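Trainee: Grabbed the feature section from TrEMBL, which reads as follows:
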DOMAIN    12-135  domain 'MgtC/SapB/SrpB/YhiD N-terminal'
DOMAIN    183-388  domain 'DUF4010'
TRANSMEM  12-28  transmembrane segment
TRANSMEM  40-58  transmembrane segment
TRANSMEM  96-127  transmembrane segment
TRANSMEM  147-166  transmembrane segment
TRANSMEM  178-195  transmembrane segment
TRANSMEM  207-226  transmembrane segment
TRANSMEM  238-261  transmembrane segment
TRANSMEM  267-287  transmembrane segment
TRANSMEM  299-323  transmembrane segment
TRANSMEM  335-354  transmembrane segment
TRANSMEM  366-390  transmembrane segment
TRANSMEM  396-421  transmembrane segment
């Protein structure tokens with residue numbers, strides 16, 4: 001005989017709550033239907049959740065429980081089918097939601113209440129977004145759909161199956177990490193396209209640059225630079241976006257050093273602060289130019305471009321190869337150069353690496369100056385990316401990066417001339 005304790009009671013009440021949650025949404029969607037014409041509402045969905053919960057609980061709690069569970073689940077599914085045939089509606093959303101409710105109730109009854117509740121909340125949210133989702137799909141063009149499918153293949157089809165191991169010359173490359181660079185650049189292009197259509201070309205592009213740069217200002221630069229040549233009217237905004245991404249990078253690394261390697265701030269700030277101020281000035285200047293430029297239309301087609309993303313990944317691979325060679329050739333003696341090369345791709349990683357170094361092995365001023373090298377080299381790398389991707393058309397964007405790099409070099413000159421490095 002099975003005793004219903006608190007745990008067992010929860011395994012039955014949670015499925016009921018799941019059914020009521022989804023039932024509220026379904027009932028609201030059908031609130032204008034004539035009495036007696038609705039397939040299922042609040043009470044019916046609550047019962048579907050309870051049926052699933054009883055099936056899940058019985059499958060492990062009583063003798064022959066799986067047979068009981070099968071009868072309950074099949075009975076519930078049969079009720080759904082009967083309701084669909086009676087309703088004869090071309091939409092099967094309510095019936096599909098009922099089957100999902102049965103499944104989630106069973107999952108909770110099996111002893112997984114939290115995942116079941118989370119999935120129920122997601123299900124209710126998805127059902128509630130009917131109008132928005134239909135509007136989104138209706139607004140897609142054929143080019144948008146094709147680009148979205150290609151991106152799905154690149155991100156969801158290829159990336160997960162690539163080897164996650166060191167390979168190639170000197171074991172310098174990880175195929176999955178390199179392909180992630182391609183995915184990231186393509187994703188930023190998609191985000192910029194979507195936000196431009198949603199917020200307008202100006203605000204959408206700047207929002208993409210600011211948010212994307214929190215993760216990788218280099219990838220943002222690569223994604224925006226590839227559009228400069230093809231979108232002449234948008235060049236001022238694209239240049240402002242690249243400058244804004246650089247400014248966000250400076251602010252991010254300053255915060256990371258303060259949090260993760262505060263001992264290096266005394267040498268880091270005098271070098272990086274001039275570059276940050278130069279980037280800020282360029283953002284204001286290019287922003288004014290972008291505001292004065294004629295308004296450009298929202299992009300007509302999705303700017304999904306695989307070749308520029310692959311080219312950027314190739315550049316990353318070459319830098320990784322150089323870093324590996326430096327490590328094998330010079331070891332710890334080449335720490336500054338190795339850190340600078342590695343930080344050109346991932347400034348955050350360089351900060352974490354220096355944080356792990358023994359405090360007595362390097363003075364704070366020298367540590368900060370070394371840590372600023374990756375920031376400088378990252379800025380120069382983005383300058384190269386802009387020049388290669390956009391050519392002369394990217395003059396304004398390249399100028400903003402060059403100004404930041406020159407300001408940082410001036411900071412280095414000040415530190416050296418004052419003898420702060422010892």
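The first residue you see is number 1, and the count goes up from there.
Just so it is clear, glycine is given a Cβ too, placed from its N, Cα and C backbone atoms.
Annotations in TrEMBL come from automatic prediction, not curation.
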Trainee: If we call contact 3 or more Cβ pairs under 8 Å (sequence gap 6 or more), are the transmembrane segment (396-421) and the transmembrane segment (267-287) touching?
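Mentor: Taking Cβ pairs at least 6 residues apart, the transmembrane segment (267-287) and the transmembrane segment (396-421) are in contact, with 3 or more under 8 Å.
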Trainee: Which sequence-distant residues neighbour the transmembrane segment (96-127)? Criterion: at least 6 residues beyond either end, Cβ under 8 Å.
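Mentor: Same-chain contacts beyond the flanks: 10-12, 14-19, 21-26, 29, 40, 44-45, 48-60, 69, 73, 76-77, 79-80, 83, 133.
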Trainee: As a test of reading the model: what is the averaged pLDDT for the domain 'MgtC/SapB/SrpB/YhiD N-terminal' (12-135)?
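Mentor: Looking only at the domain 'MgtC/SapB/SrpB/YhiD N-terminal' (12-135), pLDDT averages out to 77.
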